[in-house]
Amino acid sequence: RRQRVLLWGVLMAAWEAAWGQLRYSVPEEMPKGSFVGDVAKDLGLQLPPSRDRGVRVIDRGRTQYFALHRKSGHLVTAERIDREQLCESLQQCVLRFELIEEGEMKIFGIEVEVMDINDNTPSFREAETELRLSETTAPGSRFSLAEAHDPDWGQNSLQTYNLTGDEHFSLAVQKGPGGDQRPELVLAKALDREKEAFHHLVLRASDGGDPARTGTARIRVTVLDANDNAPVFSQAEYTVRVPEDNLPAGSLVLRVRATDMDTGTNGRVSYSFGNVPDGVRALFTIDRESGEIRTEGPLDFEEKSKYSFGLEARDGGGLTGHCQVQIDITDDNDNSPEVTILFLSSPVPEDAPVGTVVALLKVRDRDSGENGQVSCELSGEAPLSIVVSPGGSYKVVTASALDREQAAEHRVTVVARDRGSPALWSRTELVLEVSDVNDNAPVFEEAAYSA
């Protein structure tokens, strides 16, 4: 028994020592097969000629973005990688996966940072917009303009705005709480509808790439009479929490309200989204008259846990008020654990020592918190046990001596169960064959014969 304990400790120490980590970087949009790093050299791996037990890349996500070139040992891209699609507005875009060396039963963690390139031009949601301003508007008044969107990051993202077209207007850029730039149209000179009823402007948004990319939007200003009060929301920011799966399409999420002190058409308020991503418009709608925000499609916490966007209240005279809305999605236990068999050693000789690793499993649950915490156990009578390994994986090892003459095959079921309420679970069957060794001598049916 003491020898078995010592053997188990040696195996665990070897497994822990094998868990290393490499980090590489690669620009986005590289073609399939582009070089990332010399994994074989950096890890000191010897690539076996046989494909039965080699070195494999195990990706954590549903799409495998990297592969290992068997002859050279180079890590290469398996797909064209779009940083903006994967990481949206994250400062660092890091993809993590595992490299398994089946012969030595080693796992290596690898991180690849996807570097941004200037492959997107700043763009406005609408190429042409119209502002309706009263001729009594005082010089110095400011009006929010639609923001440009550039999914690139850092210096390649949106940097500057520029306005051309008319001496009556100038441009001011305000810094938002998150560091975003919000362009505002400033009335520099008093308007006179009788002299000039329309003003045509061009707003340009430029990024900091080399060379820089520029997007434009045309602004038409229509001069109206006497509307001196803009709508004002009851709150500058609205926050609400909703569950991810319990709301059918059309459910009420939030009702906003803005008031305008003017009367008649100038005091009639309509509501609309501000400069929001298409993903928000696909999931939520707003009633122009009531200000009710309702669900348009299913909400999924695993896809996105928070939505923040702006709303606009516009009166009949063209003046606008703005507010910010934040919708927090709460997680439901709506994903069952997923069990993947990374490695299965079958058949196993019957004289294999206790503690021999016969299978390597990867368990994943897309939920978060307790809903994503998973435990594994074996169901069935077999001389096997399951233990936790680093990186969220599990090993199935022999728990006692094997005897092919008693059982040539062992079947067990791996049951993965999360800690949600109610708990979700999944199962995977393992079939282990036991190969024969010459451990039995011939035996006569009788000890003596007489004839």
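From the backbone N, Cα and C atoms, a Cβ is placed for every residue, glycine too.
Over in TrEMBL, the protein carries these features:
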- 65-124: domain 'Cadherin' (DOMAIN)
- 125-233: domain 'Cadherin' (DOMAIN)
- 234-339: domain 'Cadherin' (DOMAIN)
- 348-444: domain 'Cadherin' (DOMAIN)
- 1-20: signal peptide (SIGNAL)
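Under DSSP, the residues of the domain 'Cadherin' (234-339) split into helix, strand and coil as follows: 10 helix, 48 strand, 48 coil.
For the domain 'Cadherin' (348-444), the number of residues in each DSSP class (helix H, G, I; strand E, B; coil) is 4 helix, 49 strand, 44 coil.
Secondary structure counts, DSSP: the domain 'Cadherin' (125-233) has 3 helix, 55 strand, 51 coil. This prediction places the mean pLDDT of the domain 'Cadherin' (234-339) at 89. For the domain 'Cadherin' (65-124), residue counts in helix, strand and coil come to 5 helix, 26 strand, 29 coil, using DSSP.
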